[in-house]
Amino acid sequence: MAGGCHGVSGRQLGMAYACVFGAALASILGGLFIIFVPVKSNLFLAASLAFAAGVMLYISLVDIYAGKAISHFVEAGHADSYAFTYATICFFCGFPISWILDKLAERLAYHGHEGPTPAPTFPAVPEKVQPEDAPVPATIALSSSTNVVDVESSSDGSSQQVPQISSEQSSVKVARSRKLVHMGILAAMAVALHNMPEGLVTFVGYMDSIKSGITTAVAVAIHNIPEGMVIASAVYFGTGLRRRAILMAALAAFTEPLGGLIGLAVVCGGSMTETVFGILFGLVGGIMTYISLKELLPGARNFDPEDRVTTAFLAAGMIVMACSLVAIAFSTPAETAAEVLAVAADAASPSLPSLPSFYPPPLVVGS
């Protein structure tokens, strides 16, 4: 048909790419949600980081490593034991890659704070709310030689001393802001690596039917929202800049349409082996696990030392991700999209090899 390739119409290809693009926009939506929430407390930040850790840990261990990485090695023709071994090796190879990304993110975060010190995200001194008819203080005298502020009241002439933010406290705030930006950049790198093959799978999934393609895209979008929240919350609370937070979430989301372009190349005659997918998913699973354990969870406990919200939101993040993966499982068609594409390719050119399966059956290790 005009505008298509290998028996697939241009309209169908366009709709498939629209599904990928819509799923990617969900990451930006998550970033927009988190930075416009007016709450800026330590507990809120701890809850956000713990929720993000739950999301990333669950999808890394359950879906990417135990599901996709192992299954793709099995689909490549390896025995179950070898497939498990290869996926495990790739998983732990993601750790040194994460260390390199960690150092790169640290340098980017440092250079991002060479300018003026950002405004403190949280109040250094608890503020007292006064009634509307309370007397207005007459004078506020700042002392440069001491670390107190004398506030004289016009009602009885008494004065109060409020601690002034010291240079040491200011340095702590700058270090904390830099750490948050570092976590945001690192999370953006990991999510970007994860989104590319995800965009590829979403694109090819649409090739079976409109219903299954849209359902898959919606399910993918559900777990893209908290991923965008992960990135934007860390960058926003570290810098106070909405524009930079949205930009980081958008950059991470951009790789999903890029994966869709790879899917377009696959449909139009290209190919990617199952082994390549197994290696890629194994590495990404290790990278995301490393970031969750080294950055997100310790960051959450740092802002919530008494564990008032960390554990609860860690579990909540896992539950949300589990629900989205269940939705994806129910949206997977009985006849895989790869089989449909293979039939179309064979009809167009009998010499073309069959395309790989992008929806392998679930693997039971040890069976």
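One-based numbering along the chain as shown.
Glycine is treated like the rest: Cβ placed from N, Cα and C.
Database features (TrEMBL):
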| type | residues | note |
| --- | --- | --- |
| COMPBIAS | 150-162 | compositional bias 'Low complexity' |
| REGION | 150-170 | region 'Disordered' |
| TRANSMEM | 15-36 | transmembrane segment |
| TRANSMEM | 43-61 | transmembrane segment |
| TRANSMEM | 81-101 | transmembrane segment |
| TRANSMEM | 180-197 | transmembrane segment |
| TRANSMEM | 217-238 | transmembrane segment |
| TRANSMEM | 245-267 | transmembrane segment |
| TRANSMEM | 279-297 | transmembrane segment |
| TRANSMEM | 309-330 | transmembrane segment |
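Ranked by Cβ pairs under 8 Å to the transmembrane segment (309-330), the stretches 43-61, 180-197, 279-297 are led by 43-61.
If one looks beyond the transmembrane segment (279-297) by at least 6 residues along the same chain, the residues whose Cβ comes under 8 Å of a Cβ in the stretch are 49-50, 52-53, 56-57, 59-61, 64-65, 68-69, 72, 86-95, 97-99, 101-102, 182-183, 186-187, 190, 193-194, 197, 230, 310, 314.
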